[in-house]
Amino acid sequence: MTFFTVKYKKGSDLMKALKNKSLLADLALLLVAIIWGGGFIAVKDSVNLIPPFYQMTIRFFLSTVIMAIIFNKNLRKATRADFKMGTIIGIFLFLGFALQTVGIVYTTASKSAFLTATYVVLVPFLNWAIFKLKPDKFSIIGAILCLIGISFLTLQGGLNFNGGDILTILCGIGFAGQIITIGLYTKKTDPIILTIIQFGVAAILSFIMAIFFEPVPQFETKLILPIAYMVIFSTTLCFIIQNVAQKYTSSTHAAIILSLESLFGSLFSVLIFGDKFTFSMIVGCIFIFIAIITTETKLSFIFKNNNSEDLLADKELEVASGENIE
């Protein structure tokens, strides 16, 4: 699955095409952030009726079934290497959700939202440490500005650490690992295959945790719509988009854009539930907006980047494209 097909004539045409693909990928990830932000509203009441690990089991199992039916031809082509890569992504996905689920029991929702979003800063540095992919200064600045903005959006009563907060920070590492491995592996194989496998792995691990640590929930009809939103939109659709889009953009770009989930969640809460839009939320939005502009444009409209920075940006796009072009 690709966004479009292009023919390359010269080096400049190649870079223009890659930048166009990167822009489309970033816009696709923005859609994911919007849907995930709406997910806070859609599943607001379901968390009180379905234990967390059973909820994870339902969303990932049903998403696996849907994906396997729709993309059965893709799945039949899966290799042993695909299952290995998909399993690694699925483990990171499960760890992110599981640690967040346990951590939120011992901390506040606002602190959980902020600490989870620390992956936006972790991704570029983990990429640097593990894969020697040094991020450009604009990506680092954008990541830090984005985290500051999220803090204004989510933290109202300060940040005092406890055990739950530590678990939530670890969950941020889990999500960072998921974003990084998606960015790495989708350039090597079919993103659809990886999506199906990671869902299956996350479903199995969630079910194991559920049967050992949670009571069996009783189903209520009012859960149908929240579960449908969670399975169809927040999980199946969003992770397909994420896995495909990250083939054409960098992990740092993906982390910053996906972190807008907290921004859209706050905005939807204001619009739908009438939550108060505070001054700190306005400040947070401004910081996040500046972060996105910094990362996407590298502030080229203010000053010209030197040739080495342009080459670094071009190299990043070449790596993000995952294509070998002669």
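Glycine is no exception: its Cβ is also placed from the backbone N, Cα and C atoms.
Positions annotated as transmembrane segment by TrEMBL: 23-41 (among others).
Per TrEMBL, the feature domain 'EamA' maps to 24-154 (among others).
Under the heading transmembrane segment, TrEMBL lists 53-71 (among others).
Among the features that TrEMBL reports, transmembrane segment is placed at 83-106 (among others).
According to TrEMBL, the transmembrane segment annotation covers 112-131 (among others). Long-range contacts of the transmembrane segment (112-131) within the same chain, counting only residues at least 6 positions beyond its ends with a Cβ under 8 Å from a Cβ of the stretch, are 96, 100, 103-104, 139-140, 143-144, 146-147, 150-151, 153-155, 159, 164-165, 168-169, 171-173, 175-177, 179-180, 183-184, 251-252, 254-256, 259, 262, 265.
Annotation comment: TrEMBL describes 138-159 (among others) as transmembrane segment.
What TrEMBL lists as domain 'EamA' is 164-294 (among others).
Among the features that TrEMBL reports, transmembrane segment is placed at 165-185 (among others).
Taken from TrEMBL, the feature transmembrane segment applies to 192-211 (among others).
For 223-241 (among others), the entry in TrEMBL reads transmembrane segment. Same-chain residues lying 6 or more positions outside the transmembrane segment (223-241) and placing a CB less than 8 Å from one of its CB atoms are 28-29, 31-32, 35-36, 38-39, 42-46, 49-50, 55, 58-60, 62-63, 66-67, 191-192, 195, 198-199.
Residues or ranges marked as transmembrane segment by TrEMBL: 253-273 (among others). Residues of the same chain lying 6 or more positions beyond the ends of the transmembrane segment (253-273) and with a Cβ under 8 Å from any Cβ of it are 22, 25-26, 29-30, 32-34, 36-41, 113-114, 117, 119-120, 122-124, 139, 142-143, 146-147, 149-150, 153-154, 176, 179, 182-183, 242, 245-246, 281, 284-285, 288, 291-292, 295-296, 320.
If you look up TrEMBL, you'll see 279-295 (among others) marked as transmembrane segment.
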Contact between the transmembrane segment (192-211) and the transmembrane segment (23-41) (at least 3 Cβ pairs under 8 Å, separation 6+): no
For the transmembrane segment (23-41), sequence-distant contacts whose Cβ falls under 8 Å of one of its Cβ atoms, 6 or more beyond its ends: 3-4, 229-230, 233-234, 237-238, 241-242, 244-249, 253-254, 257-269, 272-273, 296, 320
